Every structure is written in structure tokens, then in C-alpha cells.
Amino acid sequence: TQYSFKEVFGTLVAQKELFDVVAKPLVEDLIRGKNGLLFTYGVTGSGKTHTMTGSPGDGGLLPRCLAMIFNSIGPFQAKRFVFKLDDKNGVDVQSEVEALLERQRREALPTPKTPAGKRQLDPEFADMIDAQDHCRAGDVDEDNVYGVFVSYIEIYNNYIYDLLEEAPCDPIKPKWNNCNTPVRNGDFVPPQSKILREDQNHNMYVTGCTEVEVKSTEEAFEVFWRAGQKKRRIANTQLNRESSRSHSVFIIKLAQAPLDADGDNVLQEKEQITLSQLSLVDLAGSERTNRTKAEGNRLREAGNINQSLMTLRTCIEVLRENQLYGTNKMVPYRDSKLTHLFKNYFDGEGKVRMIVCVNPKAEDYEESLQVMRFAEMTQEVEVARPLDRPLCGLTPGRRLRNQAFREELSRKLELRGGPVGAGPEEPSPAELFFQSFPPLPSCELLDINDDQTLPKLIEALEQRHKMRQMLAEEFAKNVLAFKTMLQEFDSSVASKENYIQGKLAEKEKTITGQKTELERLEKKIKTLEYKIEILEKTATIYEEDKRNLQQELESKSQKLQRQASDKRRLEARLQGMVAETSLKWEKECERRVAAKQLEMQNKLWVKDEKLKQLKAIVTEPRAERPERPSREREREKPLPRSVSPSPAPSAPVAPLRPRRSRSAGERWVDHRPPSHVPTETLLQPRVPRAITVDAPSERALARCDRYLLTHQELASDGEIQTKLIKGDVFKTRGGGQAVQFTDIETLKQESPTGRKRRSSPPNPDPAGDAADSEWTDVETRCSVAVEMRAGSALGPGFQHHAQPK
């Protein structure tokens with residue numbers, strides 16, 4: 001089975017490589033103001049928690065995400081409590097003074113928290129964030145200030161619990177008894193589940209969830225490890241010693257707001273605040289109860305875990321079906337808290353990434369197939385991406401200019417040697433104007449008869465009045481001239497504005513034309529992309545057909561090669577068989593010709609004998625014919641043998657094959673047909689080490705060296721004649737067995753008075769009696785003939801038949 005994914009990592013992949021490919025783009029989108037969702041999916045014990053958290057000396061995705069965020073926005077963070085989250089999934093911005101008062105109020109609490117910079121890290125997790133590489137995002141807006149908030153929740157038995165909630169909980173005592181009810185203990189208060197709600201932007205959030213503002217990677221990870229990870233529900237099962245019994249969700253919220261025009265303070269406008277969110281989800285593994293041997297609470301937890309994962313799969317399948325077939329089925333988000341919480345992500349409010357963890361164990365084969373089949377199917381679901389937020393309209397680079405101004409001011413102050421106002425003050429223009437007036441005389445009256453002080457004062461005031469009038473007239477003239485200049489400037493500005501408006505109109509027309517051309521080109525590009533996609537799909541189909549045809553051609557060629565080789569083997573075998581058959585028939589023909597020649601010679605000899613006897617009878621005188629002896633005397637006296645060679649048996653003459661050695665270990669096949677009749681004679685054939693069969697078989701012939709056929713037939717005198725036909729067993733070239741007959745033994749019963757002489761007619765002729773007697777003896781002796789012909793059933797070239805002469 002083959003599955004296709006965007007990226008496949010091996011078993012020895014480093015955490016940094018996995019982070020760079022999967023999580024780094026999500027962190028960059030988070031800093032740009034976009035939402036993201038990353039979750040690990042797989043069977044129990046496949047390494048999901050290890051992938052998310054990491055190990056000492058090699059942190060996972062979560063600590064690396066935190067390190068990249070704070071490495072990127074570290075110099076641009078707002079002071080604590082400048083951003084303040086409300087209870088409706090929104091954020092407010094406070095001034096520096098309000099934030100300072102908030103910090104003082106928090107520090108005045110009975111249990112103030114030590115700042116993150118002075119806190120000593122727990123050695124249990126210090127190695128996970130100590131060796132982080134300084135990875136940072138590239139496009140960070142330096143004219144914004146940032147604030148980071150983290151929260152940590154878990155979904156346990158389809159209920160949402162806040163892991164950062166500071167509740168009086170004793171982790172040693174059990175939270176539930178055997179009846180699944182809270183333990184009645186005055187010191188213990190069971191955690192309360194949270195409720196999901198929807199904000200004004202249709203985003204789901206957990207009401208009353210604790211959100212902690214953090215200022216460093218160490219502080220954020222300490223919140224995750226100490227406050228959250230210690231409270232997470234894990235248990236020991238047959239498949240995993242520390243099996244997660246809940247879905248954990250670590251949420252990172254990034255609030256950012258622009259600076260004002262001067263680049264000093266945060267812009268006090270709530271509409272300009274951007275709140276983005278990155279959710280890191282460690283899903284509990286799917287498991288089969290017959291393998292984990294879960295009972296009680298573990299069984300209930302496994303059922304809820306599998307149910308929530310099944311709901312997630314159902315939602316993905318319905319989304320895919322709606323997109324492929326254009327249907328409008330309702331997606332069952334509310335069937336599970338897990339899918340209901342991330343509903344807005346599947347509706348298009350952010351980027352979603354899934355890491356599929358697979359354990360290459362043979363026991364997890366079926367479950368791993370289901371996981372990979374679901375993960376491959378999720379790639380076909382497309383979610384709409386949100387549009388980028390509009391800019392605030394302020395001049396970029398405000399922070400840098402403000403910093404440059406402050407640095408330049410400090411440099412000039414250092415050059416002067418002190419702060420502003422330390423040296424002699426320069427007179428202002430108003431002071432110079434009043435100094436141009438004549439000085440006033442002394443107005444002190446020491447005598448009632450003093451008549452000089454007041455006239456001098458009056459004269460000085462009159463001079464000042466005249467000077468003021470002159471200055472007023474001059475000021476009026478200057479004002480008139482300035483007004484004239486302003487009017488000229490206004491007219492010139494108006495003419496320039498008209499000229500600029502005309503140019504702008506022309507530029508707008510040009511821009512409109514260019515936009516139209518761009519739209520046309522974009523449509524053309526889309527059309528061409530669509531055509532390219534169709535051509536790529538067509539090429540893919542053709543390549544698949546080409547591969548199939550090549551495979552079919554290869555299979556056909558292999559089949560033809562096999563047939564050709566079989567044909568060659570068959571031809572060789574047939575040639576061998578033809579050669580063997582030709583040799584066999586050549587030998588058979590030679591044997592038959594030799595047999596026929598011998599048969600003809602025997603016939604010629606018999607005829608010659610008969611002619612000689614007939615000649616002797618004809619030439620012998622009758623008077624000298626001796627008396628024919630009686631039959632009893634003939635039996636007692638042996639007949640003279642002829643000098644002529646005795647007729648050989650009619651068996652074919654063929655080149656004899658070398659016989660096998662007659663060792664004591666040879667075995668016989670005793671072939672006795674079912675029609676065999678017991679003769680009850682004293683002499684019975686006894687065959688040692690024999691296999692008695694009714695019909696010869698290849699198996700029996702393969703196990704023996706000799707063959708014996710028992711054949712019975714009726715003789716001329718009515719008695720049963722038994723013939724034992726013996727032969728040797730040979731292996732043929734084709735792997736079978738053949739029998740070569742060697743000799744025949746005959747067992748025959750006859751009665752002593754069974755033979756009868758042919759009755760002679762009355763008054764026989766003496767001369768003819770001798771000839772008749774002699775003829776009768778020959779005829780009696782040769783009353784039964786045995787002739788062997790080609791094609792006999794007794795062997796190659798044999799046939800037995802009996803006929804009276």
C-alpha cells in the first residue's frame with residue numbers, strides 16, 4: 001500500500017529539521033497576524049508527545065516555537081500590562097501610566113512572583129530550552145509593539161479543563177473514587193470544566209481560561225512545564241508506560257499594536273490591535289482495548305478518545321465531500337469539544353498542519369494503515385485563507401527615527417557639556433522689542449510740590465505711544481504685504497494643484513488601464529494554469545497508461561520467451577522420442593524380417609520333409625512294407641530324430657540386451673490376471689520376493705527388476721495349459737518402464753490314455769498302412785501349433801494363438 005504526503009521524515013530526523021519544515025512557517029504567520037493550528041496524530045505510543053515537547057538537550061516543536069517568537073520580537077515587546085485581555089476573546093491597550101499602576105498593584109499582592117530574569121530554571125526542563133538555536137522571523141514590523149500570552153487546556157472525557165488554574169488540588173489524592181464521583185475531602189476541590197463560546201468574529205474560545213503574559217522563552221516554558229504539564233492526565237497501559245489520557249492544547253496569543261506618529265507610545269486605538277493565535281495540540285493516541293487491556297476509568301477514557309478522533313475524521317470527510325461534490329452537508333463540529341474548539345480553523349481562519357506519527361511495529365500495522373489513510377485524505381480538504389489586515393496609515397520607520405532623534409539629542413547634549421538651560425539664556429524677540437522703547441523715568445513722588453516727575457512721565461509715555469503707532473502702521477503694512485504674498489502663493493499653489501490634478505488624472509487613467517491589463521493577464525494566467533493543470537493530469541494519465549502498457553508488454557514478452565523455451569524443450573523431446581521410436585522400429589523391422597525368413601525356412605524344410613516321405617512311400621515296394629508297429633511300441637521306442645535342423649520357435653530374433661545379474665536381491669512383478677484358474681497340480685510356480693498384481697502398474701514396475709506373466713489357455717486335448725512368460729524391466733529415456741521378454745516356461749497336464757490313433761478303415765492296405773501310420777504319428781505330434789506374430793500382447797512383437805492343423 002502506498003500513501004503520499006507533503007513531506008516524509010525518517011526515524012533519525014532531528015527536531016530542528018522537523019521544526020524548520022513544519023512549524024517555522026506557522027510562527028512566521030503568527031508574527032504577521034495570522035492564526036495557525038499544529039497537531040500531532042497517531043496511534044498510542046507512536047511519539048506524539050515526544051515530537052511536541054522534545055527531550056533533554058533536544059527540545060521539541062513547542063520550545064522551539066517559543067524561542068523563535070521571543071528571538072524575533074524581543075526588542076519590540078511592550079511593557080507588562082500594556083496589553084490586557086478581556087473576557088470575550090478580545091484585547092485592550094492601556095497607556096504607560098495605567099500599565100505602571102497595574103504592575104505596582106500586582107507587586108503589592110501578598111505572593112508576588114519573581115521576574116523571569118531573576119528566576120532560576122528547573123534543571124528538569126532547563127536542557128530543553130538551553131541549546132536552542134537563535135532562529136528568528138524575517139519580516140517583523142519594527143513600528144509595532146508586541147505582547148505574548150499563553151494558556152494551557154486539556155480535553156478529558158469530552159470536558160475542557162484549565163491546566164493553569166490555581167486550584168487547591170492535591171495530586172497525590174485521587175480525583176475520583178471507584179464510582180466516578182469526587183472524593184469527599186475538605187482540602188480537595190475538583191477542577192471545574194470550562195465552557196466554549198463564540199466571540200463577535202465567530203471564533204471559538206474557552207471562557208474563564210487563565211492566560212498568562214510572558215516575556216521570555218524560559219518564563220513561557222516554565223508556565224507550560226510546572227503549571228500545566230504536571231497536571232496533565234497520563235496513565236500506564238499495556239502499550240505505553242506514560243500514555244496521554246487527554247488532548248492537550250497549548251495556545252500562544254500574540255497581540256500587536258502600532259506606535260503613534262512620534263514613535264514613542266502605543267497608539268490608543270483598539271481597532272488597530274491585531275490578535276493572532278497559534279494552537280499546538282498533542283492529541284491522545286487511538287487505541288484498541290483488546291490490546292491495552294484497559295478497564296474501569298482507562299476503558300472510559302479510551303472510549304472518549306476514540307470517539308473524539310472519530311468525530312474529527314467525520315468532520316474532515318464531510319468537508320471533503322462538500323468540496324468535491326458541491327453538496328452542503330452540515331459539518332458535525334458540535335459532536336466533540338475537540339472539533340468545536342477548532343471550528344474556525346477548518347472554516348478558513350488560519351493555516352492547519354498535521355504531523356502523523358507512525359510506529360513501525362508489526363502489532364500496529366492495521367491501526368497505522370487507518371491513520372495514514374485518514375491523514376492522506378485530509379490533504380484533499382482546502383480551506384479559504386483570510387485576507388491580510390489593512391495598514392494603519394502611519395509613516396513606517398517611526399521607531400527608528402525616534403531612536404535616531406534621541407541619540408542625536410543625547411550626543412549634542414554631551415557636546416555642550418550639560419542639559420539645556422545650564423548656560424546664559426538668549427533674549428526672546430518680545431524682550432528685544434520691549435528693550436527698544438525709551439526707558440521710563442522714576443515715578444516716585446517724594447514731595448507734594450514736585451512738578452517735574454509727572455511731566456517727565458507723561459512725555460515718556462507720549463513718546464512710547466508715538467513709537468507704538470509707528471510700529472503698528474509698519475506692522476499693518478507688513479501684514480498687507482504678507483497677505484499679498486499669501487494670495488500670490490495661494491494662486492500659484494492653486495495653479496500647481498490644478499496641474500497636479502491633471503497629472504494625477506492622467507496617472508489614474510494610466511493606472512486604470514494597467515489594472516485592466518493586469519486583470520486580463522491574471523485571467524489569462526489562470527486560464528493557462530488551468531490548461532497546464534489539465535495537461536499535467538492528462539500527461540499523468542498517459543504516463544500511467546504507458547507504464548501499464550510497458551508492464552503488459554514485458555509480461556507478454558516474458559510469456560513468449562517461456563513459450564519459446566517450452567517449444568524448444570518440446571522439440572528436443574520430440575526429436576529424442578522420434579529418434580528412439582525410429583531406432584525401435586528399425587530393430588523391430590529387422591527382427592520381423594529375420595523371423596519371416598526363419599519361418600519361410602522352416603516351411604521349406606517341412607515341405608522338403610513331406611516330399612521326401614512322399615517320395616519314399618511312392619518308391620518303396622508294397623510287398624516289402626513292414627508291419628506297422630503298435631502305438632504302445634512306438635511309445636516305448638524313441639523315434640529317430642531327423643538330421644535336419646529342428647524348427648526354431650517363432651519368437652522374433654532381435655539383438656538381446658544384456659541381462660541383469662541374477663542376484664538374490666532382485667524382485668519380481670507377479671502378474672496374474674483375475675481370470676486365473678488354479679490347476680491343483682503338484683508343480684506350482686513359486687516366485688520369491690514378488691509383488692502380485694492383477695494389472696501391471698508403473699509404480700510396481702519401478703520397484704522391481706523382473707516381470708512374470710501367468711497365461712492360461714485350452715490345449716487341443718481339452719486340458720488347461722499354463723505358460724509363465726518371463727522378462728526384464730528396463731527404464732526408458734522418457735522416465736517410464738519397459739519390459740523385454742526373455743523366455744517362456746510351459747506347464748501342461750495330459751492323460752496317459754488321452755491320445756487316440758486315427759482309426760484305420762477295414763482291410764487296410766498294408767503298403768498304405770505304414771505310410772498312414774507314419775503320417776498319423778506326425779499329424780498327432782503336430783496337432784497343435786504355436787505361432788508368434790508381431791503385435792502380440794505377450795510383449796513386443798508377440799501374439800499367442802492355438803489352432804488345430
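Every residue number used here counts from 1 along the chain in the order it is shown.
Every residue gets a Cβ built from N, Cα and C, even glycine.
As given in TrEMBL:
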type	residues	note
BINDING	Gly42, Val43, Thr44, Gly45, Ser46, Gly47, Lys48, Thr49	ATP binding site
COILED	504-580	coiled coil
COMPBIAS	621-639	compositional bias 'Basic and acidic residues'
COMPBIAS	663-673	compositional bias 'Basic and acidic residues'
DOMAIN	1-381	domain 'Kinesin motor'
REGION	617-682	region 'Disordered'
REGION	747-778	region 'Disordered'
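For Gly42 (ATP binding site), the Cβ neighbour count at a 10 Å cut-off comes to 23, with all displayed protein chains included. The binding-site residues under consideration are Gly45, Gly47. Their Cβ neighbour counts within 10 Å are lowest for Gly47. All protein chains shown were included, and the count of other CB atoms within 10 Å of the CB of Val43 (ATP binding site) stands at 24. Sequence-distant neighbours of Ser46 (ATP binding site): residues of the same chain at least 6 apart with a C-beta under 8 Å from its C-beta are Gly285, Cys357, Val358, Asn359, Asp364.
Predicted-model confidence for the coiled coil (504-580) is 93, expressed as mean pLDDT. Cβ contacts within 10 Å of Lys48 (ATP binding site), excluding its own Cβ and spanning all protein chains shown: 23.
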